[in-house]
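Copied over from TrEMBL, here are the features:
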DOMAIN    25-407  domain 'tRNA-guanine(15) transglycosylase-like'
BINDING   C356, C358, C361, H387  Zn(2+) binding site
REGION    432-488  region 'Disordered'
COMPBIAS  447-461  compositional bias 'Basic and acidic residues'
COMPBIAS  478-488  compositional bias 'Polar residues'
Amino acid sequence: MSDESNAPAVMTFEVLKAAVRDGAAARLGRLALAGRKTVIDTPNYFANTSRGTVPHVTPDNISKHLQTGGAYMALEDFIEKPQQYSTRRPPIYDTPTPVPPAKALHNFTAMPPSVITILGARRLPAVPSPMGNSNKSVSVFTSTGFQVLATDEYQAAVQALKPDIAVPLADLTNHTMTPTSKRALRMAERTDDWIKAWFAEQDAVNAEANPTTRVSTFAPVLPINYSIQWEYLERLAEDHFHSLSGLAVYDPDVLPDIASGYPDLLKLPQLSLAAPVTPHHVLRQITLGIDVFVLPFINAVSDSGVALTFSFPPPPSQSTTNPNNEKTGTPGILPLGIDMSSTAHQTDLSPLVDSCTCYTCTSHHRAFIQHLLSAREMLGWTLLQIHNHAVMANFFAGIRQSLSSSSTTTDEEDNEFTKACAAFHTLYEPELPAGMGERPRARGYHFKSEGGKEKSGEKGGKRNKPAWTKFDDEKVTATGQQSSQPPN
């Protein structure tokens with residue numbers, strides 16, 4: 001990272017190229033952190049972490065091989081309280097921070113200094129809680145189970161850990177079902193109250209803080225109708241605008257309404273916490289005005305043994321070839337990735353993607369990756385993670401180049417970016433492939449929290465296979481029936 005003496009005292013966001021139409025639309029931008037020389041060109045993405053690290057990738061390899069400029073972390077990953085040590089102070093709060101610009105969150109996670117840290121209360125996606133939230137707390141899911149996180153406790157954690165960006169608490173259900181109108185109204189009212197308390201304290205802290213340790217606030221935009229949360233958004237636009245650094249958007253479909261009602265809020269960077277599940281969803285959210293993404297699906301496809309193969313702009317249709325050398329479900333349609341656990345790759349000495357210049361593709365071949373996954377070697381998932389992050393970095397670089405080349409004088413339907421998006425939707429399959437290989441051992445928060453149901457995989461069995469089984473006469477067969485053969 002460069003010398004920080006000339007870094008801005010507050011976070012700045014500059015729109016480099018305005019949208020073709022007024023309101024919420026795709027745009028080029030540049031994000032600069034307070035007290036840092038780190039600059040993020042947008043649209044872009046941040047890595048999604050698990051317990052403070054990018055899964056399968058050590059901090060030194062994040063610096064060497066990943067091109068992500070930021071990492072999203074969840075406080076619930078660090079504040080577990082086992083029953084036998086219920087009064088114990090979480091170790092992350094005792095992290096030594098010698099002198100600024102050292103920050104506790106960076107020090108505890110060993111995250112490279114060049115990587116921006118974004119702290120939220122819940123993981124992305126969050127496991128729904130059976131307890132729900134209260135007027136002064138939210139329910140979080142730690143490694144030892146559900147517990148209550150008070151609003152003042154969360155704010156104290158932000159002040160102690162000093163992330164680069166903090167997302168204040170929002171009253172979210174974290175369910176796929178649309179909340180009732182009564183519940184949605186309560187979500188808006190609680191979040192409004194929490195935001196008022198947040199800025200009452202955070203503004204005073206930032207006023208006295210060194211610019212290198214100042215925390216930037218991305219206020220949450222709730223996943224409910226604009227008509228229910230307009231008063232909350234009005235408060236953001238009129239009372240807290242000068243204290244805001246950006247918006248954390250849980251539903252990008254609200255952005256066109258915000259553009260009509262409070263256009264000043266769109267001058268801020270828009271961080272998507274809506275967890276798009278495919279690159280098609282990413283492109284759609286970009287057209288709505290999202291600048292930065294947190295993408296959980298990268299970790300999911302790496303765990304499933306899938307190597308991403310798409311690119312933007314997409315290749316010309318007449319020159320396309322299936323990267324798996326197999327027939328796809330629809331003629332002329334390319335898959336978004338290939339399942340590297342397939343035995344078809346056992347003797348394939350080609351890289352994952354011929355044009356990819358990542359460490360995995362330039363140093364190893366498909367047969368080696370397939371062998372590692374079959375043997376359940378951790379290196380297999382590490383190499384896939386490095387490759388998949390490189391594909392996403394090139395994907396966003398292509399988007400920025402396409403937006404830069406698009407003319408603002410033509411109709412939206414005729415500019416280069418819109419045409420490239422249409423070609424991408426036409427050329428690639430709508431869903432990411434489901435890897436058939438065995439995944440890494442799952443932790444508790446990988447499961448859905450549903451009362452009365454076992455933690456199970458797709459076929460109803462336990463997701464984690466037992467490391468040891470009974471031998472010979474007590475052996476259980478693949479069908480679940482006990483072996484009837486007598487011992488030798």
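Each Cβ is built from the backbone N, Cα and C atoms, and glycine gets one as well.
Feature map: TrEMBL annotations on the structure.
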| residue | record | Cβ within 10 Å |
| --- | --- | --- |
| C356 | Zn(2+) binding site | 19 |
| C358 | Zn(2+) binding site | 22 |
| C361 | Zn(2+) binding site | 23 |
| H387 | Zn(2+) binding site | 26 |
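Within the model, the domain 'tRNA-guanine(15) transglycosylase-like' (25-407) shows a mean pLDDT value of 90, rounded to a whole number. Taking the mean position of the Cβ atoms of C356, C358, C361, H387 as the Zn(2+) site, the remaining same-chain residues with a Cβ inside 8 Å of that point are P351, L352, V353, T357, Y359, T360, T362, I386, A390, V391.
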